[in-house]
2 protein chains.
Amino acid sequence: MGLPTIGFIGTGVMGKSMAGHLLQAGYSLQVYNRTKAKAQELLDQGAAWAASPGDAAAACDIVVTMIGYPKDVEEIYLGDGGLIARAQAGTILIDMTTSSPLLARRLYAAGAEKGVRVLDAPVSGGDVGARDGKLSIMVGGDEEVFQKAAPLFQCMGTNIVLQGPAGAGQHTKMCNQIAIASNMMGVCEAMSYAVKAGLDPNRVLTSIATGAAASFSLSNLAPRMLRGDTAPGFYVKHFIKDMKIAIEAAEEMSLILPGLLQAKALYEKLAAAGHENSGTQALYLLYSGE
Amino acid sequence: MGLPTIGFIGTGVMGKSMAGHLLQAGYSLQVYNRTKAKAQELLDQGAAWAASPGDAAAACDIVVTMIGYPKDVEEIYLGDGGLIARAQAGTILIDMTTSSPLLARRLYAAGAEKGVRVLDAPVSGGDVGARDGKLSIMVGGDEEVFQKAAPLFQCMGTNIVLQGPAGAGQHTKMCNQIAIASNMMGVCEAMSYAVKAGLDPNRVLTSIATGAAASFSLSNLAPRMLRGDTAPGFYVKHFIKDMKIAIEAAEEMSLILPGLLQAKALYEKLAAAGHENSGTQALYLLYSGE
């Protein structure tokens, strides 16, 4: 038995790198993207073009999706002629988009009615992690299906954990985003305080970046803030989407998260000021008043 | 010329370890602590007892203070018969307490009138860093005085940085505490979300603790939260003190720090619930409702 055939829906910055690793590992790929031009590089490397997500689902053993927003996920999976409608029994569908845990459970249930197996498997690690095949992949779904998909995950990531049943991958990704959200405020506030107090903020980092205040954001994003580099590693607009999902999910669990609510309010203010396509480190602009 | 004689005021958990390193390095020490029993270990190791901070200042070349609150610092330095009143010209006074940047500048100025040199040199690294001589020491004051004090700092710490003029050490420590404050909310919120969502929170940590959400607090304090360990590494009451100093200093610079204000409000609620002598990771109790 040869390798399973793979459909890959969504070839943006992240998806392109992830699909590329599958091609390099020898998988036969059908790709689809709303803007076909963004799939060209993969087509040049030997991927086939699928006329629609549904066509890919009808033709492939496993379909991976890496798209934008929960509403896109809902449409592509549950819409007429979508993935679940067109997939044959036994097909595995893997949503690697950061999306709603509740929606992930709906996709799982809708798939189950047709014998289609669905995993939620959002990632962290950003464009660099995707490019280097070093993503953290947080998976929700059935153990047996996870085992079948594991070889694909291993092409894309290094930290691959089955977190629990359907939705658990998305919930885990929410934990990741929740931890980042408040920390971004702390990093921005520490750096803006340093500047206002007349300190050399880079020298401050030499004192604080390796102790109890240490964080990925302090080491990696604070230097970008200080040199005015707002280029997107991770878009403000996507972070806001994630925080909204997390807040909605938390509210349904009667959990109040004041730090997250505060961070979301600040990021929405930042987006309203025209920075929705900047990187998340642009939050510093709100504090520095630039 | 032999080693300078050292006065050490404040032999609590941190101070005791720090003074111990100076003794081990061969310095002759006079120690003072409000509760003498807490200095006994150092006296047994060969330190002499000073009847008051002022007596230590009159007799020593360098006096180090590691005490509780800014009001204690103010009294010990500026009070009648205090350090500055009793010190001879040329004496170096080093306040390693986390205290107010404005007060640090007042001490510097009051000392300068008498030819007494004052440094502010708060630390981070906690009881473990103090015990292992691996503190981060953030110094404010004159370069020449910093150079004279450097051999002492090297007994106590590994990351020793002159951050600027008087007050700059305290300001840098405030940056450290500001970054921690919001991050603690993020860590608590991520863990409480994980539990509410039915995830295994320790498994969640395996997915998120090394990526973009990575932080010292997530790796070191989240596991304590999850096993219900609220033993103090760093006291809630001291963290609240630090946040108050930072907020006051920020307000004087017309800087609004919403994450810090939110964190302080939560910690005050925690203290009011009887947790002022718990470790800062006890913040998790507010979220988990235990």
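Just so it is clear, glycine is given a Cβ too, placed from its N, Cα and C backbone atoms.
In TrEMBL, annotation is done automatically, which means it is predicted and not curated.
Annotated features, as they stand in TrEMBL:
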type     : residues  : note
ACT_SITE : A:LYS173  : active site
DOMAIN   : A:5-162   : domain '6-phosphogluconate dehydrogenase NADP-binding'
DOMAIN   : A:167-285 : domain '3-hydroxyisobutyrate dehydrogenase-like NAD-binding'
Express the predicted model's confidence over the domain '3-hydroxyisobutyrate dehydrogenase-like NAD-binding' (A:167-285) as a mean pLDDT, rounded to an integer.
97
How many other Cβ atoms are found within 10 Å of the Cβ atom of A:LYS173 (active site), counting all protein chains shown?
31
Can you break down the domain '3-hydroxyisobutyrate dehydrogenase-like NAD-binding' (A:167-285) into helix, strand and coil residue counts using DSSP?
88 helix, 3 strand, 28 coil
